[in-house]
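One structure is given here, and the rest of the page talks about it.
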Amino acid sequence: MKRPEPSSDLSFTGEPISAEEATEKWPLRYRSSKARVSVTLGTPKDGDIEENLEQAKRHYSQALVDGTLFSLGDDVYVKAEEGNPNYIAKIVEFFEAVDGEPYFRARWFYRPEDTVIKTLANEVQEKRVFLSNVEDDNPLNCIVSRVNIVKVPAKIVTGAEERVIPPCDFYYDMKYELAHLTFSTAADEGDASSTISSESDSNCIQIPQKKEKFLLDLYSGCGAMSTGLCMGASLSGIKLTKKWAVDINSFACDSLRLNHPETEVRNEAAEDFLKLLIEWRKLCQKFALISSTEVIESDGDSEDEEEDGDVNDDADGDSSGSEIPPEEFEVDKFLDICFGNPKGLKEASALHLKVRWKGYGPDEDTWEPYDGLRKCKEKLKEFVTTGFNTNRFPLPGDVHFVCGGPPCQGISGFNRFRNNKAPLEDEKNQQLLVYMNIIDYLKPNYVLMENVVDLLKFSKGFCARYAVARLVAMNYQTRLGMMSAGSYGVPQVRNRVFLWGAQPTEKLPPYPLPTHETLAKSLTPTEFEEIQVGYSRRNLLQLEKALTLADAISDLPPATNYEKSDERKYETKPQTNFQKYIRLSRAESIIPLDGRDASKSRILYDHQPLELNDDDLERVCHIVKKKGANFRDLPGVIVEDNKVKFDPSVERPKLKSGKFLVPDYAVSFVNGKSKKPFGRLWWDEIVHTVVTRAEPHNQIVIHPLQDRVLTVRENARIQGFPDFYKLCGPIKEKYIQVGNAVAVPVGVALGYAFGLASQGLSDNQPVIKLPFMYPQCMQGKTEEHSA
Ligand code: SAH
């Protein structure tokens, strides 16, 4: 802060605060007769802060500046540099320095543009500011004028209720801190620079609280993230049930259904899911299952009223698009409902119901537009009532926790057609809007959004700022963290961003600190360096050695390029702790599955590689079996200045098929600088990131000792999937599901943090230590979950 020259028209007024009281309240001000002393201000949240603290002669409780009287606790405008809006602060001290100059100490407020929200400040309510924990000393004449800031209770507004903000210049209900760029509910007055609770480690025994909470997994893929979250919550003493999941990929949905029979899996686009939820609520209101505060919009069925109760329902009406002559059919029952265009016709999307026709079997079930079915009141009522009673679809307030990462392909580093100027107009980033609209509609208690690190990098972090701004505008508390999968017990780097959201009345979950060593710090843009979980404490953490590829997969039986069976025997005993625990059967694990699948038999699923064509297989067979081997070791190429090129002195060797042994693309990839094409992994290595493709053309995916790419199961191991998690679909789809997943141990760690917070057991620290390690923690009742 720039400090203008003191002018003379200012002074403290009234009696100074007694020396006794002043030294008791501000002991660091009375340390020395020197002008300043360097002190360490230990604030538990931000770590130790060094400050060169002005020494005081005496303190006051009031001051006059340009004829205006100011008191301690007043909120004021403070002079900023030319051309900038004045700063806003709360006065927390008035004192005369040893050199006689008058000072005040300011505790600053942030405007939204001063926070991580930055350029997206217009998403947040006008007049809204955030209290900080940042304080510093300023000459008294920097005070410009008084400003009226009111503190309002933090609250999520639902339905028709209005949030009342009294007349003011600014208002606040939340604090903002730099540690993990956190917005959190401002505790009651007097919390300046103070912690609310002091326990720093939360690894104490928890009181089990088995009340069931419902989770909605959006963009669920095969469900890795939510599987981890439910396991972690269970370790904290909470029963978190994956009640609903939504994904547009039918194979991913099949996998989720297979592994989670308790989940209502919706194979549809998230945007259609939201429209369905809105329509479902109207149906629940229509049949008086929930009260409606709003006027239900007329659904045009008033003329049907007198036919109410007509059991001889028919699918007549204006069922445009229906190819079946309606008068010949009678609805037996409704089976499902969706918003969209399930008949695949070129019609506008609309609400549809799946009909079982009287006298016909499942093969004749059809989807019919709701508009043509309005007359089937009784059957509709039956269907909606059953759905309502079983919570088939969530109504606002039903969902405790929403997790999932909206895909933002528009920001991906791989995408060459990125719209930098207006990221949200890029259709590939639309899902971020859809995601936030779903949150806005359902108002869950907790939100956890996952994304790639490009979220922070693309267009100066636009999408990350947007996500935070939307949540804050909905009055959620938020906190950002970046986690590396390898830090939680798998041999993979994989950095991902996680954004917590929590209703203002809930505890905001912390981030779980790493349990395992990771590689060097990842390259986050400087402003976001703060959010790398554990980074500021890296020297204090006692970490296990990072896992290696051998730790994760050395026990798996050999497989050839042509392995046909997706169910095999293990053949060997586990060789490492990781292998021992990752092999647990579902029944032996903590996965809460309501007693279904009690089988303890252990089958090795999905241990199959993508079958390479003859040419690629021949190339792979030529790659030597040693650490670091890749296409550069093949005959016919030479390396100069770390750049590969064809050796002009020899003829290019060919494959049996007549094609070149070293293909052109391998040499031209990254201008000849890459070592990835046809790269072999080695036992002591950590995989960079498991991706969705298995081809060896531009990534290191060949098994250390076998001539094939890593199998689906090997990838799944590196992602921390328990071995009992079987995947569905063609092999390429299985790779996609595994490559898209949030590494299971990361989900477990976050689920534990959520569980503590949602039971009110976490303190206000942004990070916690985990009392367990993955995958040991997966073991069910028989063994203690100890660190
Ligand atoms: N969280 C998951 C991985 C999700 S990957 C896990 O941990 O396993 C993102 C998923 O979003 C993909 O499975 C993709 O099929 C799905 N998806 C993409 N666009 C979608 C849309 N519009 N609606 C619903 N799902 C979508």
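Any Cβ shown, glycine's included, is placed from N, Cα and C.
What TrEMBL lists as domain 'BAH' is 68-187. Per TrEMBL, region 'Disordered' is recorded for 296-326. Among the features that TrEMBL reports, compositional bias 'Acidic residues' is placed at 296-317. The domain 'Chromo' feature in TrEMBL is assigned to 329-383. According to TrEMBL, the active site annotation covers Cys408.
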Cβ atoms near Cys408 (active site) (within 10 Å, other residues, all chains): 25
DSSP-assigned states of the domain 'BAH' (68-187) in counts, ordered helix, strand, coil: 15 helix, 59 strand, 46 coil
Mean predicted confidence [pLDDT] for the domain 'Chromo' (329-383): 94
Number of helical, extended and coil residues in the domain 'Chromo' (329-383), per DSSP: 14 helix, 22 strand, 19 coil
DSSP-derived class (H/G/I helix, E/B strand, else coil) of Cys408 (active site): coil
